[in-house]
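**Q** This is the structure, below, for whatever I ask next.
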């Protein structure tokens, strides 16, 4: 029952998100970027993991540009080449060679010299499809971030979701593997 309900929420929220106007998207991106920069400053974060927006997710382009201007280290997720459904985080610079992964998402070409261990991240910003007030997130269904975020409380980083207001639902049905986020920044 939970699986069916979760898939229904994914479908509904993705449809709502796809219907946002360009102006709504831009305003939300500006708002979330400012919230994220404030959080980064408060936590004195230096190593920040982000993602390239996909399928209508809130854009991270302005945030990435701002972080580069502040000399912060930006990392993007890469599908782990050997451990299925896990992510690695690679340093991302303006000249980093990129490729599309099996899902059509742009990621840095794997270079082990650019991999940062999770314990060295300060903030890990995550995409999401839906969220609730308790910090529960619903992703695309692959479990990549749930696996990556397991036991995040024992690591040095905090996981923070980035979302549009329209992605909030009253109560998300959860599974035992779901990992609530430290915070969700909404635009």
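Glycine too: its Cβ is placed from the backbone N, Cα and C atoms.
So Swiss-Prot lists the following for this protein:
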BINDING   6, 7, 8, 9, 10, 139, 140, 141, 142, 143, 144, 145, 146, 178  ATP binding site
**Q** Looking at Cβ-Cβ distances, which residues of the chain lie under 8 angstroms from residue 140 (ATP binding site) while being 6 or more apart from it?
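**A** Once residues fewer than 6 apart are set aside, residue 140 (ATP binding site) is near 10, 55, 129.
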**Q** If you draw a 10 Å sphere around the Cβ of residue 8 (ATP binding site), how many other Cβ atoms fall inside it, taking every protein chain shown into account?
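**A** A 10 Å sphere around the Cβ of residue 8 (ATP binding site) contains 11 other Cβ atoms.
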**Q** Among all the protein chains here, how many other CB atoms are within 10 A of the CB of residue 6 (ATP binding site)?
**A** 20
**Q** Would you mind ranking the binding-site residues 10, 142, 146 by how many other Cβ atoms sit within 10 Å of each Cβ and giving me the lowest?
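**A** Counting other Cβ atoms within 10 Å of each of the binding-site residues 10, 142, 146, the minimum falls on 142.
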**Q** Counting every protein chain present, what is the number of Cβ atoms, excluding its own, within 10 Å of the Cβ of residue 144 (ATP binding site)?
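**A** Other Cβ atoms found within 10 Å: 20.
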